[in-house]
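The annotation active site, proton acceptor is assigned in TrEMBL to 17. Per TrEMBL, the feature Zn(2+) binding site maps to 25, 28, 49, 52. What TrEMBL lists as domain 'Deacetylase sirtuin-type' is 1-71.
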């Protein structure tokens, strides 16, 4: 996110593994607002999707995520 912070235009960025500005449900992919994510993460709670009650996460790829370790 350093590139974003310095003002590089979004159309010039290539974020190969995703980025933290967006977050969504790991099951139904419903978008989740960044301000609400921060309110959960700062005290250490885990946000849940209002649609399907599954976990929300940043729109990034975590190490070994493809193995299904989040579901």
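Cβ from N, Cα, C; glycine included.
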Among 25, 28, 49, 52, which are binding-site residues, the residue with the most C-beta atoms within 10 angstroms of its C-beta: 25
Any further residue of that chain within 8 Å (Cβ to the Cβ centroid of 25, 28, 49, 52) of the recorded Zn(2+) site: 26, 27, 29, 30, 50, 51, 53, 54, 56
Overall pLDDT for the domain 'Deacetylase sirtuin-type' (1-71), taken as the rounded mean: 81
Helix, strand and coil totals (DSSP H, G, I; E, B; other) for the domain 'Deacetylase sirtuin-type' (1-71): 19 helix, 17 strand, 35 coil
